[in-house]
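Student: Questions regarding the structure given below will be posed in turn.
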């Protein structure tokens, strides 16, 4: 029942969504700072908690969440983080250090197989188990990138964390598309037909990422990207790319990630811009983590129960075992390799997005995967950033006593 | 603790130490990867002397005892190639240069190890500011008194060596106007500067004993002099050079010091006196600040000249000693550089003028260091 607000002046009527947005933008930074000062946790844990409480107290999230502008804003925030991550990834490193490539395959592969096993054990059926396994390979690139940059981490574990997170994101997106294609085949078409959609999807993705990389490459040749104005241009280019992504059905995850990687590999001149492309991007990133919290239903943590706990533990085992397996051969100490595995634990935003793409194609399966995943993903939204921060500072890759200096 | 006795070494043999920068290949700022690099080098069976330094983004390589320039260059090249192989596995960059162009000293981390922690406690922020990169050249001396004579003889030519090796114009993100700003970090230490003017080893031992009794020093390592005797190697160690951008230049500078030493030992062209040091600090400052364009005051005659021209003249004067050592072409090339006012500081400034992005400058330094 809507109260009669006709006596209010006209400008108050759009109160619903903009008020919610404003309130979140006030509360989230405060919560982030509180969490940071009191508990020394990453600020994004505070943002996510605000989202969780908002959804738990049935604060008018729905209106905000459904508003198209808000959704687009979140996509831009995510794309910004993915693009930043991509531009940090130096692919020739994999050739110079094949054991690092082996580590990537090991940690993602182990996660895939172990989670598939759980899915099977839970009776999810092969299709849903495969999808769940694919989604669980991801070490949320968004969380990883944000935490590493918030605490100013530098060093071997940080660089490898970014590399492995970018790679397992690519594996997962491709795997989900292939699974979708294969499931399409089950639904009654031939093999060639089945592979057409994922190929088409990848082609679109590739073309768009090349276009984005070219555009940013052109901009940086003419402009100093460290300057706030040029950073806004980057934000605009990414926004534009996302509009094209939506029109062409390419991957909103892979396009910015691959574009960043292409940019880095095509032009070795250092790419440096303000973190998250300046304050505008920064504000969107805060909202992204609030929205992540809002999207999750805290009742699912309880509902996920033992299965969720098992999923988390096995996935954690897979990540750590995968990095320790070839850790020394790839040039890390055992302590560093273990820390790398722990730092890879976050899963959240990307997992939801992938699940959403499953859901839109096969609602029944999407629901099953979401239910199995939700509890685990929710817990990891809180624990993941803490794990990454702990791991990076534990192996001495954060500035001494300076965690406070680089704020949100 | 008493000073160890002066070991025997073959006259005019060479040893070179280079302190190198470890940088991230993403933003080209310094990165504290020395422990990782040492571990990887060990794994790949790297043979050669490689050590950590006071902060974790520095690494030091050292040759063994070299007969001359060719030997030194081949040892340095092998060390460089081994280091680069390790660096590729870690995706880090290695470069020369006396100072990093834009690092912030506050972000440095002191290396593990009792001595480094002690230095950090003692010197406070100076220890982190000590993240500068030098080349040290050891020259074998026939005896301890000869070593002191050579040390004080060479002191006159410290400005020449500074101008030739200078490669630290940018510090903390700015052009300092100096060709070698690195030495300013070293002058801040209380025991930096020059060795006391004594010409025989007994007197030097007494000086050391007196200093040790005050508790100010425990070993020769506590003196940060521009040139200091290294009794356990039987050498004197020239420490004013910035790490050059290439191993070729590092070897050439060592060859020049060797030729100078031969000239001073064989010809004894002048007798060093305490008064030589009246102009020492002035000359050294001029060299750091203006490079080849600095003023050099001849300590004996009091005549003033431009350092670049003085270098050309000096190398001409010691030419036949270089020829005896087989390095006349190498030294002549250094004279050409001085005549043309070319050094690594100039190279860095030219690059930065073409592209003002300092991380890009550091990337160019890495490429230059890795050039075969």
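Placed from the backbone N, Cα and C atoms, the Cβ positions cover glycine too.
Bear in mind that TrEMBL entries carry predicted annotations, made automatically and left uncurated.
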Student: Of the ranges A:67-87, A:298-318, which one does TrEMBL list as transmembrane segment?
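Tutor: In TrEMBL, the transmembrane segment feature sits at A:298-318.
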Student: Quick test of your reading of TrEMBL: among A:33-56, A:369-392, where does it put transmembrane segment?
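Tutor: It is A:369-392 that TrEMBL describes as transmembrane segment.
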Student: Among the residue ranges A:254-272, A:273-291, I'd like the one that TrEMBL describes as transmembrane segment.
Tutor: A:273-291
Student: Tell me whether the transmembrane segment (A:99-122) sits in contact with the transmembrane segment (A:200-219), defined here as at least 3 Cβ pairs under 8 Å among residues 6 or more apart in sequence.
Tutor: no
Student: What same-chain residues lie close to the transmembrane segment (A:128-149): Cβ under 8 Å, and 6 or more beyond its ends?
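Tutor: Beyond its ends, the transmembrane segment (A:128-149) has Cβ neighbours at 42, 44, 78, 81-82, 84-85, 88, 108, 111-113, 115-116, 118-120, 158, 161-162, 164-166, 168-169, 171-172, 175-176, 179, 257, 275-276, 285, 288-289, 311, 315, 319, 343-351, 354-355, 358, 365, 368-369, 372-373, 380, 384-385, 388-389, 392, 406.
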Student: For the transmembrane segment (A:231-253), what are the same-chain contacts with Cβ under 8 Å, counting residues 6+ beyond its ends?
Tutor: 72, 75-76, 78-80, 82-83, 169, 173, 177, 200-201, 204-205, 207-208, 211-212, 215-216, 219, 223, 225, 259, 273-274, 277-278, 280-281, 350, 353-354
